[in-house]
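Asker: The structure's right below; bear with me while I get my questions together.
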Amino acid sequence: CRQALRSVAGPEVDFARAEREHQLYVGVLRGKLGLQVLELPADESLPDCVFVEDVAVVCEETALLTRPGAPSRRKEVEAMKRVLGSLNLNIVEMVDENATLDGGDVLFTGREFFVGLSRRTNQRGAEILADTFKDYAVSTVPVHDSLHLKSFCSMAGPNLIAIGSSEAAQKALKTMQQMSDHRYDKLTVPDDAAANCIYLNIPNKGHVLLHRAPEEYPESAKVFEKLKDHMLIPIANTELEKVDGSLTCCSVLINKSSEL
């Protein structure tokens, strides 16, 4: 916990609680929602390896292995390459040493990609993503005052962007709206961190949304409760948030049935 990267100093991570929260997260995906979950083994030499989202962007049958912006995280890609290869996905590796890309900066709306240009992701990384997923438009969004683009936004439904209320979040949303030919609905929540949620469309269950727990962000939870068509599942993330972790960070969603 002490070695994990963090943008601001703060309270120490309670490891036992972090473990319980993560087990609940995995349990919801596997037990409550019936998804197949592949868990990668922990690597004590890579303190940020729980944040699997940053090392791969998967869309349809293609997986782009990224080149994380923090050099200490680059070895995380190796384990991800092995597991995605076992799923018979088309693997594309980012080998250009001038490129950096964290998956936390990649928002896929189902129609197009928005890529945050941040401390961890640069223009060259965004260009390689665009080359990899040629069927989709790719727009870049400057990210200031936050680690990643998805530190303050995510998809909360098929056409619905959840967005935080901070000036930086609203400015980024305005950029996305200007860049896109499509008009998205928006769900504005008071807390930037709570705008990071996980939307799933699951056969026989419909619209499912994992969002931050009311005890963490009570006002934002009230906003999510207005989504009457969604199965809402609150998830606590108090400990990983201390090291810049959000709900989307801890999984890579793949729309593919697999004999695990």
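Positions of Cβ are set from backbone N, Cα and C atoms, glycine also.
What you see is a predicted model, and the numbers here were worked out from it, not measured in a lab.
TrEMBL feature annotations, pasted as is:
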- Leu5, Asp48, Glu53, Asp54, Arg73, Arg120, Val243: substrate binding site (BINDING)
- His148: active site, proton donor (ACT_SITE)
- Cys249: active site, nucleophile (ACT_SITE)
Asker: Give me the Cα-Cα distance between the residue listed as 'active site, nucleophile' and the residue listed as 'active site, proton donor', rounded to a whole Å.
Answerer: 11
Asker: Residues with Cβ closer than 8 Å to the Cβ of Asp54 (substrate binding site), same chain and 6+ apart in sequence?
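Answerer: Correct list: Asp48, Thr66, Pro68, Arg73, Glu76, Asp102, Gly103, Gly104, Arg120, Cys249.
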Asker: Calculate the distance in Å between the alpha carbons (Cα) of Glu53 (substrate binding site) and His148 (active site, proton donor), and round it to a whole number.
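Answerer: That separation, Cα to Cα, works out to 12 Å.
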Asker: Cα of Val243 (substrate binding site) to Cα of His148 (active site, proton donor): how many Å, rounded?
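Answerer: On Cα coordinates alone, these residues lie 13 Å apart.
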Asker: Name the residues of the same chain, 6+ apart in sequence, whose Cβ is under 8 Å from the Cβ of His148 (active site, proton donor)?
Answerer: Asp102, Gly104, Asp105, Gly116, Ser118, Arg120, Thr121, Ser246
Asker: State which of the following binding-site residues has the fewest other Cβ atoms within 10 Å around its Cβ: Arg73, Arg120.
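Answerer: Lowest Cβ count within 10 Å among the binding-site residues (Arg73, Arg120) is Arg73.
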